[in-house]
Amino acid sequence: MPKERPTSAQSRTAWIDDMDTYGSGGHARPDSQFEFRAREDADLPMENEFGQKPGSRSDRGKEQTQVARPKPVGIFGKIGRGIRSLWATRQTEETKGNRELHVKTTLRELIIYIVFLVILCVVTFGMTSTKMYYYTKVMSDLFLSTTHSGGGTFQTLTNVDDFWKFSRETLLKGLYWEKWYNGDDITNPDDLGYIYYENKLLGIPRFRQLKVSSNSCVVHEDFKDVIRHCYDSYSDNLEDKTSTTADHPGYTAWTYKTEEELDGSSHWGQLTTYSGAGYVQELVGNNYTSAKALVDHLFNERWIDRGTRAVFIDFTVYNANINLFCVVRFLVEFPATGGAIPSWTFRTVKLIRYVTVQDYFIMACECIFVLFIVYYIVEESLEIKKHKLSYFKNVWNILDILVILLAILCVAFDVYRTVEVDNKLSVLLENPDKFADFEFLSYWQTRFDNAIAIAVFLAWIKIFKYISFNKTMTQLSSTLGRCAKDLAGFAVMFFIIFLAFTQLGYLLFGTQVKDFSNFQNSFFTLFRIILGDFDFHQLEAANRVLGPIFFMLFVFFVFFVLINMFLAIINDTYSEVKGDMANQKNEFEMGDYFKRGYMKMVEKINFKRDKIVDIQEALKTADINQDHKLEFDEWRTDLKTRGYADSEIEALFAKYDVDGDRILDSAEQKRLTNDLEEQTTAINKEYDNLEKTGHRPGTARSGISENDDTGDESDDDESGTKSSRSGRASSGVSYEEFTVLSRRVDRMEHSIGSIVSKIDAVLVKLEAMEKAKLKRRETMGKILDSITESDGNSDEMKREQMEKLVREELERWDSETSFSPSGRGASPGSGNSSRGVRARSRPNSGNPVDFIYDRGYQSNV
């Protein structure tokens with residue numbers, strides 16, 4: 001008996017004449033090859049999973065194919081759909097009810113974001129290198145570690161005398177290299193002006209001083225006759241702005257200039273913040289001799305006096321070998337207490353960005369980065385438009401906004417810096433004997449580097465937004481979210497105690513211990529104690545009694561109590577989250593998505609292979625009269641038994657019936673056979689390629705069965721058809737097997753019908769029992785009311801009357817139960833109605849409904 005093939009959605013489509021995917025070499029051969037192309041976009045449902053007799057469903061298959069065929073979309077509609085799909089996210093698409101679409105959209109977002117993250121890392125890491133550290137180290141060692149005649153360095157500077165020794169010796173020798181390492185003089189002017197023979201000194205160095213005016217503070221009445229001059233700590237409103245240029249002609253060090261005249265900026269020192277104004281002296285001459293004469297004059301004329309509060313030394317060097325600037329600033333603060341406090345900054349920055357080929361590659365990445373920022377601005381705008389204010393309730397959305405804002409600021413500064421550096425270099429080249437002020441640019445360049453570093457950090461953290469589809473990946477966010485309220489309450493308690501200890505440490509040890517010298521240092525010192533970084537002997541030396549007590553109390557309350565409370569909150573919440581996740585049902589995740597995609601490809605290949613096998617078998621068995629000529633009726637009859645529709649049978653036959661005589665002769669059959677063999681070879685190659693990436697199932701049906709654990713929704717989510725899910729086994733389904741299966745289905749339907757009727761009967765029975773319960777309760781209420789109203793009777797008479805009434809009521813119930821149809825009053829666990837009746841009089845009967853009722857009855861009595 002010929003095999004019958006079940007009709008499927010794929011078998012209702014047509015053969016394509018002008019395209020062949022599996023031809024030799026992958027090239028189309030419209031005259032000799034064919035391909036059966038399944039309508040993947042139609043997703044047609046099957047009428048019958050096991051098929052019917054030949055010719056019974058082809059017409060309906062055509063109609064369903066026509067109904068399911070999507071409406072044609074115009075060119076503008078396709079463009080609009082494509083543009084909209086560029087910004088399709090989980091918040092712009094309806095993905096809540098479709099888990100597969102949710103994972104697919106998440107995967108798409110993740111891939112785009114990974115590309116963005118790679119571009120961001122290329123841009124940021126292209127701005128820095130390890131050469132910057134070594135450049136800074138070389139310059140700092142030269143000026144900070146070199147000793148002067150007094151035996152000290154700039155780092156050990158403590159008074160005015162040390163400052164002048166550094167300025168007249170270490171500073172000038174480091175700035176002006178006029179001899180070679182062998183002691184010979186540098187005679188070539190082009191070789192002058194370099195530090196370490198490699199770093200070009202841009203412009204000339206500059207000294208700048210800030211002073212406060214005399215009598216800027218109030219002297220106590222008792223000391224006014226003794227102390228006639230008073231100089232307060234530095235403040236903008238106490239600056240001394242008087243100029244004495246007439247006493248020192250040819251020098252600018254005694255002329256006050258405002259911050260606007262100097263185009264300067266404020267500086268945050270160790271003690272306070274200093275303005276960009278002051279008394280300025282540039283080391284003109286650009287050689288050691290001229291600079292030494294200027295510094296000696298300042299020293300001899302006592303340029304630094306009692307009112308001096310800060311002296312700045314600024315200069316900039318450039319290394320063309322590595323294309324880096326090093327902007328150097330030395331600051332010596334002279335507090336009102338006397339002495340000197342040194343500090344320094346070495347800002348190694350890359351202000352000229354585009355020189356080498358690698359730099360231009362970074363520029364191209366920066367352009368791509370700008371496009372990504374525009375892309376994400378549009379994406380977030382669409383999400384805000386859809387969700388309105390609720391958009392800002394999501395932490396990840398706030399993180400997106402922060403990354404975008406930081407990126408916009410960095411792009412704006414990048415443009416500004418490029419323009420400003422070109423302007424400054426142009427002015428510097430025209431006036432090489434002027435001070436090169438790169439302080440402002442270098443300062444904001446470091447702020448730019450900090451901002452881009454924060455942006456990279458937030459960008460990496462944002463990856464958790466896209467990998468949260470996996471429940472394991474959500475443990476961190478779930479734990480923090482669940483314990484947020486507990487942590488907020490704990491934080492209030494923690495900081496109350498912590499700040500109390502901070503103030504106590506500052507007040508107790510602030511005058512003697514540097515780590516507690518101000519409130520800020522005290523705060524961070526206590527954090528260091530938590531991490532084990534402390535100097536107990538220093539506290540003990542400051543106060544032999546209160547020092548150890550302070551230390552022990554802090555360690556006990558903060559380290560042993562509060563920190564362990566914090567850990568307990570985190571641990572308990574994490575255990576709860578982990579337990580909840582272990583009890584959750586496994587949802588459709590990323591691994592299932594890839595597995596399903598793989599099974600789709602395997603299923604499609606198996607389906608095409610089965611089609612080829614059917615055609616090959618039809619060529620062998622359709623020629624019934626064995627005349628080596630295949631007539632259309634023979635061809636149609638054979639393929640109809642295999643479940644093919646008339647349209648595809650006609651299309652395939654017409655393709656190879658070249659002469660149009662409705663007969664395939666030997667040559668035409670041979671041509672068809674060769675095409676089938678080429679198709680088989682191409683499919684086998686593709687199948688082998690898939691086998692390298694995963695397990696290869698034997699058929700489409702067996703292959704897709706491995707994915708059945710993804711849930712029943714796979715039937716609907718994939719294609720809406722069972723044919724696309726099960727494919728077609730290479731052996732087919734015989735007619736006898738189909739008959740047996742049909743009978744089994746009929747018996748199953750009959751059994752289900754009887755079960756449903758029994759369930760209905762049980763529901764009716766339960767409803768009747770519920771009504772009987774209500775009636776009994778009403779009766780018992782009446783009995784109790786009648787007993788309560790008989791006040792004249794004694795307790796013994798009331799008891800006898802109650803027993804009589806209850807016994808009569810129970811006898812009436814038993815009589816109703818014994819005569820009720822189908823023994824409705826009997827216990828389900830009893831074998832007869834009498835046992836069921838007796839079960840109602842005791843609470844330990846087998847009927848749970850009666851047991852519950854009897855307990856209620858006894859409580860009422």
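The backbone N, Cα and C atoms fix where each Cβ goes, glycine too.
TrEMBL names the disulfide partner of CYS230 among CYS217, CYS326 as CYS217. Apart from ASP657, ASP659, ASP661, GLU668, the residues listed for Ca(2+), the same chain places the Cβ atoms of TYR656, VAL658, GLY660, ARG662, ILE663, LEU664, ASP665 within 8 Å of the centroid of those Cβ atoms. In this chain, the transmembrane segment (450-467) lies out of contact with the transmembrane segment (487-509); the count of Cβ pairs under 8 Å, excluding pairs fewer than 6 apart in sequence, is fewer than 3.
Sorting the domain 'EF-hand' (610-645) by DSSP state (H, G, I as helix; E, B as strand; all else coil) yields 22 helix, 2 strand, 12 coil. With DSSP states grouped into helix (H, G, I), strand (E, B) and coil, the compositional bias 'Basic and acidic residues' (795-815) comes out at 21 helix, 0 strand, 0 coil. CYS230 (disulfide bond) is 116 Å away from ASP657 (Ca(2+) binding site) when you measure Cα to Cα.
Under 8 Å from some Cβ of the transmembrane segment (450-467) lie the Cβ atoms of residues 106, 109-110, 113, 116-117, 120-121, 123-124, 127, 396, 399-400, 402-403, 406-407, 409-410, 473, 476-477, all in the same chain and six or more residues away from its ends. Cβ atoms under 8 Å from those of the transmembrane segment (360-378) belong to residues 86-87, 115-116, 119-120, 122-123, 126-127, 353-354, 400, 403-404, 407-408, 411, 414 of the same chain, restricted to positions at least 6 beyond its ends. Per-residue pLDDT, averaged over the domain 'EF-hand' (610-645), rounds to 76.
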